[in-house]
Every structure is written in structure tokens, then in C-alpha cells.
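These come from TrEMBL:
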- 88, 90, 91, 111, 123, 124, 174, 181, 256: ATP binding site (BINDING)
- 246: active site, proton acceptor (ACT_SITE)
- 247, 256: Mg(2+) binding site (BINDING)
- 446-467: region 'Disordered' (REGION)
- 456-467: compositional bias 'Basic and acidic residues' (COMPBIAS)
Ligand code: AMP
Ligand code: MG
């Protein structure tokens, strides 16, 4: 039986130099890891039909659903600051787009679905570890209210992929507001394909910035979305790990969960990614890097403007608003974490004071802030003077409870879940997924092991792209 999804594939109607038509490469023996029924319903899809064997075949890339127009998208990007003139979907196929119950259009894509013309030296595949990591991380981020791509399904392929060793292959079905990246604009600008660039800009405005009447307005709104997104990451101790321009979604979602992690003990210079030798994407650098990435986006937009010298000046002014927008968003987010109903600029010092104490004490980021929601400020590592100042501001526990999750998907826990999955046991994955998708649920019984920071012998301090 062929599955039918209510696809409407607008990206595939763009100029065909923006993508390559390419079907997923079939796999040997598909097997279920997970299916996200709640998300299927939000997308207006038939959740029952998506549990069938036919759906398993679709999520594995073995059978195309009716209405799909599979494509691999073209993009380029700055990777760790170095320009790479062509990247593109080397291991992902966009099946098509659906319009959800909320009226928003979303991409449904298979990640790990085989080679494409953009695969370069890669095998086009993913192994089980990164698929499980992205499933857990993206669904937890969503549950904490952070704009993010989602996970609709994950399957095993019954094939091995070779990384350092042979590992079980897997495919993630990723749902995104789109996969348009800063690098998608960059590749067209670099090729001086102004017609393509215009088509992409018009398309992006219609799809993601319908309120923007012009390219500068789109840029201004993109800046605002990035400022709020990065402030949210910072407020959760989230480190993306690979903020290359090809990993920045124009729609403002967190995308491409590679070597990402939530911090345990707080330090502003924390880095996890094994390949980030100079800490370019360290926790505390994320706002500056976001700004740098936005500047690359603006640069790619300049050829669209009639007066380019003027455009550079105008865009510079727009981009320079990022600092203030980010500071405002940061104050709102961290103010709420302190339980403040109406954080004011003077509260910045109070927040910074706590972060300084947490750095000195190596306080666990998640549990330290959660302690404020539980009226246990002594557990933050702050001294009596800070606690008195905080109390004098009249913090509200309900505000702090809503801003400070009890659990985040901690790295050592994810690693343990992946190890179990590789050994054939998916139960720990499902248990952890259940916990981290209810991050504000203070049920101590099921949470305790997930809320605890790693013991010294459990600590994981490196993440690998290992895709
Ligand atoms: P990432 O660092 O994961 O964002 O990926 C950077 C680029 O490498 C993108 O163009 C990916 O499509 C490509 N890529 C990553 N892993 C693979 C793989 N296993 N096979 C082919 N291309 C890949
Ligand atoms: Mg990427």
C-alpha cells in the first residue's frame, strides 16, 4: 500500500538550480525507533496510518509517499569562519511540505537517507547515536519553548555505517519550518546568481516573514528572531557547538543538532565540541557568533538592493540593533529565571553577580537556577549578601518555576541512552524522552536520576560531530 501525505511542495517550484531531484536510497531492513504521534497530529497527518509498515518504509526511504517530490537542497557556508563554496544536503532528502493545523508550512525531510550529489566524501548516512541525540535534544528544546526543528520519526536501517568502527545505521525524519539557511543565500550571492537570489528572497519573505514588505524589513525581523533565540539558548545553558552559517535557519529555529550540549557546571567559556579547538562556539561566544552569521546573511542580500553602497550602510544599522535586542531578550529571560516580574536594567548586576558566584563555585547551571524556584538560593553558590539583594527584589516563585526547567537532557545521560540503544535496548531512550519532554514537571520520583549532575566518573566533556 502506498502512503499518501497532503504535500504541497513549494520549494520544488523554485528555480531548479536551488536543488537536485534525488530519491532516498533504500535500506536493507527498516526497524522502528520512535514515532512522534503528537507532532503528527499537529501537522494534521493521519497518525494511525503513520504507524503502519508502509510508513516504516517511508521513514526509511524505501517507499516514497504519494505527492512527495524528493529533493536535496543546495547551500554553501562559512565553517569555523572559512568559506566553503558548496555544501548542500549530503545526507538529507526533503520529501515535501505540509501545512499544519496552525496554518504553518513545514518541511518533512529524511536525514541519513543516502548519498546525493552534495555528499562529497560522505556516505550520506547517519548512525544511531546522532539520530537519538537529535531526537531527544530537539524534542526537549521544543518542550522548553525554544524554536526548533522537530523529530517526527526515527528508524534503524538494518545496515552498518562505518565511522571509527561499524555502527548501526539510522534515519531521522526531521520537521522544520524550512531548511533555508544563511548558506542558502550565500551560495547564490557567491555565484552572482541575482535572479536566483531574488526568487529565494521573495520566497523566504512570503513563507517566513509575511509581515516584511522589503528585504531590509526581512533582515530586521530575522535579527530580532536570532536575538531572542540566542537569549533562550543562553538562559538554558545550551551550547549549539557548530554555529556555521549553513547551520543557521532563516526561520529562526534551532537547527542541526551535532556536537551540542547543555552545560552541567557553569562556566561562560564552556566548550564541548572536539573539533572546536579555539572555542569559537563556546557558550559565551554564541551572541557574537550569531551576529557574525547575521552579517554574512546581510552581505548575501546586498546584491538585491538597487543602491549597494547605501544598502551596506542601511544593513549595518539594522545589524547593529542586534546587541540591544539581544541584551533586552537576555535581561527578560534571566530576569524571569530569578523570578522577577519586571526585570529592569538595574537587575543586570544582580544576574551577573549570580553568574559570577556560579562560575566560582562551579554550580550546576540547571539545578542552580531551579533552586531559586524552590526558594533555596543557598544552593546557587551565591553569598548571603547576594541572597539578601535578591530577596529584596521580591522574586515570585511561579515566575522562576516557569523559566527554570527541572531537567534538561544531560550529555552523560544521552551517551548512556545511545550506548544502550547500540546494544539493542531502546527502553532507556524512551524513558529519557518521556522525562525531558516534560521539563517543568517536578515529579521527583521519575526525575531524580535525570536531574542529577554527573558523578565525576560519569562526566562527559567532549562531543563529536561523528555524523
Ligand atoms: P554538518 O556539519 O552536520 O552541518 O554538515 C556539514 C555538511 O556535511 C553538510 O553539507 C552535510 O550534508 C554534509 N555531511 C555531513 N555528514 C555527511 C555524510 N555522512 N554524508 C554526506 N554528507 C554529509
Ligand atoms: Mg549542517
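FYI, residue positions are counted from 1 along the chain as it appears here.
Note that Cβ sites are derived from N, Cα and C of the backbone, with glycine treated the same way.
Reduced to three states, the DSSP call for the residue listed as 'active site, proton acceptor' is helix. Considering other CB atoms within 10 Å as the measure, the emptiest surroundings among the recorded positions 123, 246, 256 are those of 123. Cβ atoms under 8 Å from those of the region 'Disordered' (446-467) belong to residues 91, 126-127, 129-130, 163, 241-242, 258-261, 264-265, 272-275, 364, 366-367, 406-407, 410-413, 415, 432, 434-436 of the same chain, restricted to positions at least 6 beyond its ends.
Taking a Cβ cut-off of under 6 Å from any atom of ligand 2, the recorded positions 88, 246, 247, 256 reduce to 246, 247, 256.
Counting other Cβ atoms within 10 Å of each Cβ, the binding-site residues 91, 174 show the lowest value at 91. Whole-number maximum of the Cα to Cα distances across the ATP-binding residues 88, 90, 91, 111, 123, 124, 174, 181, 256: 22 angstrom. With a cut-off of under 6 Å between the Cβ and any atom of ligand 1, the binding-site residues 91, 123, 174, 256 reduce to 91, 123, 256. The C-beta environment of residue 247 (Mg(2+) binding site), restricted to residues of the same chain at least 6 apart in sequence and closer than 8 Å, consists of 77, 181, 240, 255, 256, 258. According to its DSSP assignment, residue 174 (ATP binding site) is in a strand. Its own atom aside, the Cβ of residue 88 (ATP binding site) has 23 Cβ atoms within 10 angstroms in the protein chains shown. The residue listed as 'active site, proton acceptor' and residue 123 (ATP binding site) are 19 Å apart (CA-CA, integer value). Secondary structure of the region 'Disordered' (446-467) per DSSP (helix as H, G, I; strand as E, B; remaining residues coil): 6 helix, 1 strand, 15 coil.
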